[in-house]
Amino acid sequence: MRIATFNVNSINTRLPALLQWLEETRPDVACLQELKAPQDKFPEAAIRAAGYCPVWHGQKSWNGVALLARGVEPQEVVRGLPGDPADEQSRYIEAVVNGVLVGGLYLPNGNPAPGPKFDYKLRWMERLQARAQELIDSGMPVVLCGDYNVIPTDIDVYKPERWREDALFRPETRAAWNELLGQGWCDALRATHPDQIIYTFWDYFRDAYGRNAGLRIDHLLLSPSLAPRLTAAGVDREVRGREKPSDHAPTWVEFDWP
DNA sequence: ATGTCCGCAAACTGCGGA
């Protein structure tokens, strides 16, 4: 089974690129972030014509997440990250596909830090940790993936010293990430490639992709029950180099599944 | 500090967000 995550940076602007990538790689599940479209502007017909059944949580202008399952309707479990009824940002959706629970998330950026946006990011990470613990306790096979807006370690950024004060790399952010991993989650990309430099995002500025000035911020976490089944993981890097690309590349994991 | 791309409101440019 292959599960991929892709921050599309506008589902409608990126639709041709998305359809091309789906056609080429045919993941069983694709988790999308930054739809940047309200609920009724999601291109459902085009997605279904490509052979994928979607569930999505839209929002005008910003955020927005979706799960696409190839040839089967995902059974939606949760929409919106639990733990704060006042939070109206569309950043989390969960569904079961072929017996695997998939959580797709778009974690807040948090800049500028410090400040209210950074506070929101840290609160959001606390809520994610609470939900993640519930999922571990359930014993279900789970993949928790998306744009985490977290640079885990120095090798996950082209120039660590330039990012120390950034919300994606501050000690509080990485501490929260490490607490999450401490629950028993497996960072699939890093587990598969322990020492490699792997990036999933390149800024639009200053030809960052051409200079390979990237970050690893899109992650796929496997629950303890699933981690032993991990067979491969990678980044569809070339997608970032195409016409009208997202600033993120699709990132994926494969595991043995009946 | 800069840079670029996105959606949106009111338009053919500027702003917030990333």
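Any Cβ shown, glycine's included, is placed from N, Cα and C.
Following the DSSP three-state reduction, the secondary structure of A:TYR106 (active site) is strand. Non-local contacts of A:TYR106 (active site) by the CB criterion (under 8 A, 6+ apart in sequence, same chain) comprise A:ASN7, A:GLN33, A:GLU34, A:ASN63, A:GLY64, A:VAL65, A:ARG91, A:TYR92, A:GLY146, A:ASP147. Taken from TrEMBL, the feature active site covers A:TYR106.
Summarising the annotation, TrEMBL assigns active site, proton donor/acceptor to A:ASP147.
Look at TrEMBL and you will find A:HIS248 tagged as active site, proton acceptor. A:HIS248 (active site, proton acceptor) falls within a strand when secondary structure is assigned with DSSP.
Per TrEMBL, the feature domain 'Endonuclease/exonuclease/phosphatase' maps to A:4-248.
Note on A:ASN149 (site 'Transition state stabilizer'): other Cβ atoms within 10 Å of its Cβ, all shown chains, come to 27. What TrEMBL records for A:ASN149 is site 'Transition state stabilizer'.
Residues annotated as site 'Interaction with DNA substrate' in TrEMBL: A:HIS248.
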Does DSSP put A:ASP147 (active site, proton donor/acceptor) in a helix, in a strand, or in coil?
strand
Which residues in the same chain, at least 6 apart in sequence, have a Cβ under 8 Å from the Cβ of A:HIS248 (active site, proton acceptor)?
A:PHE6, A:ASN7, A:VAL8, A:ASN9, A:ASP147, A:THR200, A:PHE201, A:ASP218, A:ARG240
